[in-house]
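First the structure, in the form of structure tokens, and then the observations on it.
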Amino acid sequence: MNPQAKLIFVASLLLGTSITVSSSHWIMAWVGLEINTLSVLPLISKSHHPRAIEAATKYFLVQAAASTLVLFSSMTNAWYTGQWDVTQLVHPTSCLILTAALSMKLGLVPFHFWFPEVLQGSSLMTGLLLSTVMKLPPITLMYMTAHSLNPTLLASMGLLSVALGGWVGLNQTQVRKIMAFSSISHLGWMAVIIIYSPKLTLLNFYLYAVLTAAVFLTFHSIKALTLSALMTTWAKTPSLNAVLLLTLLSLAGLPPLTGFLPKWLIIQELTKQDMAPAATAFALLSLLGLFFYLRLAYCATITLPPHITNHMKQWHSNKPVNASVAIMTTLSLIMLPIAPMIPTIV
């Protein structure tokens with residue numbers, strides 16, 4: 001893709017995100033979502049591969065339907081209350097429609113079917129954008145309307161997302177699909193807590209974005225798209241593979257790594273809200289995610305490839321590791337000590 005064209009699309013993506021995040025009027029929020037959708041479509045389909053075109057088509061149809069529901073929800077609310085303010089969503093039908101629309105945008109169960117397919121048809125860097133930046137506008141809208149949403153519905157969708165994200169991710173062999181189900185699982189954690197502690201949801205999203213960026217950038221550096229390709233990367237960048245093991249364990253939520261922090265705080269908050277059974281269910285379901293992260297880590301760092309191979313061995317790369325990879329992986333490993341500061345933030 002032409003660098004100037006790519007710059008325009010990425011700038012439009014950031015502009016659409018900024019408009020939605022900073023808007024207080026439903027029409028402006030909708031405009032930002034539309035700019036976001038239209039600017040990311042060329043990035044998905046830039047390879048001109050049939051799978052990329054299919055992914056772009058699926059993404060456009062789902063996002064267009066979700067944006068239509070957002071507009072319909074806000075118009076219904078304005079019809080009954082005369083309010084176009086994002087925080088003044090009070091009509092029950094509007095709240096229900098908005099929950100469905102934002103769930104489609106985020107890829108929460110049962111509106112998750114498009115996300116793994118779209119991610120599989122995209123490049124790793126576009127997949128990183130779809131998993132992090134593209135999730136920020138809907139999460140922000142959910143944050144601003146959290147007081148109006150149905151807690152039982154969101155808790156159910158969150159529980160199903162964590163369960164299905166962990167369960168379906170178990171037998172995947174494609175790295176991008178595994179990361180898609182990982183994203184669905186993490187968004188389930190955010191959905192369940194947004195009613196009770198919206199700021200904790202934002203903290204969880206920021207840490208999720210850092211961890212996911214670290215993993216995607218590492219995969220991009222070692223050019224690994226499947227589990228079988230991961231098995232041969234130890235000879236190319238052994239130090240990066242060792243750090244990838246820790247980053248994946250952080251994404252799984254093991255202490256004393258950064259990923260343990262949001263899960264710990266969410267389980268604590270659910271317990272305070274007398275939702276101990278839900279907290280227990282989330283803790284147990286996170287073991288499913290832990291299994292496929294360990295599978296990825298096992299393939300990347302412990303498994304040796306067969307001695308007889310049909311391709312040339314890749315030996316140590318002299319190319320230095322990108323600074324962004326180093327920064328993100330460092331943040332994904334050492335941020336747990338900021339936990340004492342959280343009560344002053346949340």
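Quick reminder: no glycine exception, Cβ is built from N, Cα and C everywhere.
Computed from a predicted structure; not experimentally measured.
For reference, TrEMBL has these:
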- 1-24: signal peptide (SIGNAL)
- 23-288: domain 'NADH:quinone oxidoreductase/Mrp antiporter transmembrane' (DOMAIN)
- 56-76: transmembrane segment (TRANSMEM)
- 96-115: transmembrane segment (TRANSMEM)
- 152-171: transmembrane segment (TRANSMEM)
- 178-197: transmembrane segment (TRANSMEM)
- 203-222: transmembrane segment (TRANSMEM)
- 243-266: transmembrane segment (TRANSMEM)
- 278-300: transmembrane segment (TRANSMEM)
- 290-342: domain 'NADH dehydrogenase subunit 2 C-terminal' (DOMAIN)
- 321-342: transmembrane segment (TRANSMEM)
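Ranked by the number of CB pairs under 8 Å to the transmembrane segment (152-171), the listed stretches 56-76, 178-197, 203-222, 278-300 are led by 178-197. Under the criterion of 3 or more C-beta pairs below 8 Å, with sequence separation of 6 or more, the transmembrane segment (178-197) and the transmembrane segment (56-76) do not qualify as touching, having fewer than 3 such pairs. Taken together, the residues in the domain 'NADH dehydrogenase subunit 2 C-terminal' (290-342) have a mean pLDDT of 73 on the 0 to 100 scale.
Contact counts against the transmembrane segment (56-76), taken as Cβ pairs under 8 Å, peak for 96-115 among the stretches 96-115, 203-222, 278-300.
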